[in-house]
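**Q** The following feature annotations were taken from Swiss-Prot:
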type	residues	note
ACT_SITE	9	active site, tele-phosphohistidine intermediate
ACT_SITE	170	active site, pros-phosphohistidine intermediate
ACT_SITE	435	active site, tele-phosphohistidine intermediate
DOMAIN	1-135	domain 'PTS EIIA type-4'
DOMAIN	156-243	domain 'HPr'
REGION	269-477	region 'PTS EI-like, N-terminal part'
């Protein structure tokens, strides 16, 4: 395993780069941490040798540890940290002079593909070449590098592919391809016209500057050549990991039209409040009711995810697959069972209490993204309670363009309005980081959150304008 430490004056910068590099990361082969900023709220910009030392020590199990630094004093902190740690551990550490962003991506991609430490460091040092070539900047190459093309025998295998990705083989598909092919014992070369690249090198693939519609050729020779060809073809069929929209045999790519304002009639979303709360029977009966509700919802989520995968893509489908996984959590099911058996709660009350506690825990988190997941928890709770009460989601039909008003809206509640005349959503509360907002964007629905409780005073059927541009809901006079 390779350890990568991002040493920066700014924690925000390091965390952002960590997030970007994680897109290329195989966590079994590459571990990334940051050592950035100083613990001073007033003046947080700076570097701390002790932080760097602790970061290195936390990766002591790694085969090699690579440090990437942003500016001069970060390098000094890294060098000081090496003086503070055990000499045997220090021998594993490599200080890398590659550019911070490009170097981090190159190191992550190469390490995730199982490259050797020398290959990883070489990839990092060459990380600027793709950008330099695209900008016609000066790139210094040695004579050996210019004549580095591999010579293949007549036994070499080849396969070709016309790239469909709208952005060509940009950094993510290039990283996926290099990572995939790095595992094969074979000499592999990717060709684009007269250009050639080591197919195990993300940087070299990027240097080919492959665009949509370009034909590329993979040449393979060695023990695993056929397996490498097969793997390449399979990844190519999936557009090198990119999720792109295709229709039949042609793909038409255009620009999104920005619609800043929509108009429609107000409709207040009505949560299901008429739920049947039965009296406690026996713990066996209540447990059976709770289990039945959970199993029914899991089946529904499976079906919904498959439908949404076809309609909106895997990203949206995975939201509901995640909901299903939560319902499979043994600890959750055990908590509901214990609430029924030990506290003589009904299935309704047990589910309500457990999910309410879980929702509160999420709302208390500092991370806004994780905090917003309480909306999913509330949504799952409501669906389970409706199942126990034998209440179905009401169907919706609107003859006029409509803007939905609500305090909050769960993902499943929003989906009630797909394929209807709903043109926008306005929430008194909610969160811009919620799955509801992600789904709304995929549905093409403008949505505003945190508008305040005054929207509940708007009369039904009032004419409204919802403006994304000004982030406002306007009541027509």
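Glycine too: its Cβ is placed from the backbone N, Cα and C atoms.
Note that the coordinates shown come from a computational prediction; the quantities given were computed from them, not determined experimentally.
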**Q** How far is it from residue 435 (active site, tele-phosphohistidine intermediate) to residue 9 (active site, tele-phosphohistidine intermediate), counting Cα to Cα, in Å?
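**A** Checking the Cα atoms of residue 435 (active site, tele-phosphohistidine intermediate) and residue 9 (active site, tele-phosphohistidine intermediate) gives a distance of 33 Å.
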**Q** Taking the Cβ of residue 9 (active site, tele-phosphohistidine intermediate) as the centre, how many other Cβ atoms fall within a 10 Å radius?
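**A** The answer is 20.
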**Q** Pick out which of the active-site residues 170, 435 has the most other Cβ atoms within 10 Å of its own Cβ.
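**A** Answer returned by the neighbour count: 435.
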**Q** By DSSP assignment, list the helix, strand and coil residue numbers for the domain 'HPr' (156-243), in that order.
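**A** Counting residues by DSSP class gives 33 helix, 23 strand, 32 coil.
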**Q** Cα-Cα separation of the residue listed as 'active site, pros-phosphohistidine intermediate' and residue 9 (active site, tele-phosphohistidine intermediate), in Å?
**A** 29
**Q** What mean pLDDT score does the region 'PTS EI-like, N-terminal part' (269-477) have in the model?
**A** 88
**Q** With helix taken as DSSP H, G or I, strand as E or B and everything else coil, how many residues of the domain 'PTS EIIA type-4' (1-135) land in each class?
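**A** When I sort the residues of the domain 'PTS EIIA type-4' (1-135) into the three classes, I find 69 helix, 24 strand, 42 coil.
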